[in-house]
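What follows is one structure encoded as structure tokens, with my remarks underneath.
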Amino acid sequence: MAENADDDLNSNLLHAPYLTGDPQLDTAIGQWLRWDKNPKTKEQIENLLRNGMNKELRDRLCCRMTFGTAGLRSAMGAGFCYINDLTVIQSTQGMYKYLERCFSDFKQRGFVVGYDTRGQVTSSCSSQRLAKLTAAVLLAKDIPVYLFSRYVPTPFVPYAVQELKAVAGVMITASHNRKEDNGYKVYWETGAQITSPHDKEILKCIEECVEPWNDSWNDNLVDTSPLKKDPLQDICKKYMEDLKKICFYRDLNSKTTLKFVHTSFHGVGHDYVQLAFQVFGFKPPIPVPEQKDPDPDFSTVKCPNPEEGESVLELSLRLAEKENARIVLATDPDADRLAVAELQENGRWKVFTGNELAALFGWWMFDCWKKNKPNADVKNVYMLATTVSSKILKAIALKEGFHFEETLPGFKWIGSRIKDLLGNGKEVLFAFEESIGFLCGTSVLDKDGVSAAAVVAEMASFLDTRKVTLMEQLTKVYEIYGYHMSKTSYFLCYDPPTIKTIFERIRNFESPKEYPKFCGAFAILHVRDITTGYDSSQPNKKSVLPVSKNSQMITFTFQNGCVATLRTSGTEPKIKYYAEMCASPGQSDTTFLEEELKKLIDALIENFLEPSKNALVWRSV
């Protein structure tokens, strides 16, 4: 690593005892410098040590990543709490240890590894390299590994786990996070993301296996081991074949005059959405040329999250206007989520929220089910949503007679529940989370932007034959099942103690262990606190949803029918808020509903979050 005498001298000094005055930190520094074989991340720690930056060293080395709503996720760079070669090796060693304990047939069934297109030059860290290291750890232990030979959408990994009957799988991705981040998303043999107790047990195993094993760094195994297989062609073919299960109007699709623009946000989605459109009988969607190929810097967008709306969809919307395309489809960088925009008659674009799209998907999937299975029992049918998402599916279910269930935030809970329902002979048509995560059908047990894009195109084409737009159909859905006006946004907060203070203040609002009874002028009917397991609406005051002690989440039900939730993000330094006014069918004064919702959100922010006092950063896009 060192190339001259000065570097050799520095290197020798660095391998002397580390006297920072903090024994825990000294131990962690020693471990990092002994174990890390990536020259760039090793050098980052050496430079911090050389410059006496003990606080940053402590921040990087004295804590570990934990499983959030989407696996392990952090910035790329040096340190035990970051995503890098060493922490991915450690995580995979822990995975191996846990899976070996759980599955006697681990060596027969194998493990799936996929990756997106992220990368960071300064730490020599890319999703592809991290995927190879993940595979190498397992290959060194004689585990068959199905390693995709190129980048794939995240849904391909859970799909492959089920198809190949593997014991588990990992997708290296940070989805729509900022370019600095990456992640390690774990799927169980069911094809659903891991939930408790697996996540806690894997973390314990990781902590027991922190020192890299002899061959864990040997990524040459990926090229030489006969146990490595490439599932790309087989899985892509089967996935596309399975898409036909949720395609209902292929002939109509092939004749449509509608044009679609698709952006893959510099990620993995382009090729796969093109193939999905082909399966559905469509002409290919028009790609946004500047965004169709992978770019780990996400050069043309302020942030790689299509959920942010018009500000990040600029190139797609302008191309659509030029091409006379009425609908824009945007998959996020790992293609597990979907944003949709439609050109309105007034010449403006309507970017649908996740909740609005869910209303359309819910109507569409149930309508298609009814037409295709006229004699089937509606009581066997289910739809699901996370508890912070719109209650529109609940309203549709009440009127149509099928079942609706809620889960904790995060698609891992939805996937796990769907698996249970399928095991009991139930039929699940659709599930969603408000952050533009949709699942049509059950071929994949995670959100899927590729299939959702094709389904939206089919829905739009079908409606177009009846001279109805997506926006007009959304209005019809609300007129039939009741208007559901919702607003979701967030504040950035980079100081965990501040976040804790905000939520503890709510729990002890006017006196110890007393939740607020009012939010400004709005009377609170019930409070549910998932962090503590409290729910004032239940006879025993205990939440029906599982307790989630590692995250903050409080839901308020107001006298006026509004439901609002404050929670911390499981993947980013955000405090999110969600609020929805649910009107009865026939109540069509949308102006009143919107004004009431706005007033309540203002009161929620002012009384509970106190952004000025707590130095919270308002959403900027």
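Just so it is clear, glycine is given a Cβ too, placed from its N, Cα and C backbone atoms.
Database features, via Swiss-Prot:
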type: BINDING; residues: Arg73, Ser175, Asp336, Arg337, Glu433, Ser435, Lys447; note: alpha-D-glucose 1,6-bisphosphate binding site
type: BINDING; residues: Ser175, Asp332, Asp334, Asp336; note: Mg(2+) binding site
type: MOD_RES; residues: Ser175; note: phosphoserine
type: ACT_SITE; residues: Ser175; note: active site, phosphoserine intermediate
Express the distance between the Cα positions of Lys447 (alpha-D-glucose 1,6-bisphosphate binding site) and Asp334 (Mg(2+) binding site) as a whole number of Å.
11
For Asp332 (Mg(2+) binding site), what is the tally of other C-beta atoms lying within 10 angstroms of its C-beta?
31
Residue pair Glu433 (alpha-D-glucose 1,6-bisphosphate binding site), Asp332 (Mg(2+) binding site) - Cα distance, angstrom, rounded:
15
Cα-to-Cα gap, Ser175 (alpha-D-glucose 1,6-bisphosphate binding site) vs Asp332 (Mg(2+) binding site), nearest whole Å:
7
For the binding-site residues Asp336, Glu433, which one has its C-beta crowded by the most other C-beta atoms within 10 angstroms?
Asp336
For the alpha-D-glucose 1,6-bisphosphate site as recorded (Arg73, Ser175, Asp336, Arg337, Glu433, Ser435, Lys447), determine the largest distance between any two Cα atoms, in Å, rounded to the nearest integer.
19
Return the count of C-beta atoms lying within 10 angstroms of the C-beta of Asp334 (Mg(2+) binding site), excluding that atom itself.
35
Count, for each of the binding-site residues Arg73, Arg337, Lys447, the other C-beta atoms lying within 10 angstroms of its own C-beta, and report the residue with the smallest count.
Arg73
If you take the centroid of the Cβ atoms of Ser175, Asp332, Asp334, Asp336, the listed Mg(2+) site, which other residues of that chain have their Cβ within 8 Å of it?
Asp116, Pro153, Thr154, Thr173, His176, Gly267, Thr331, Pro333, Ala335, Arg337, Gly449
Cβ atoms near Ser435 (alpha-D-glucose 1,6-bisphosphate binding site) (within 10 Å, other residues, all chains):
26
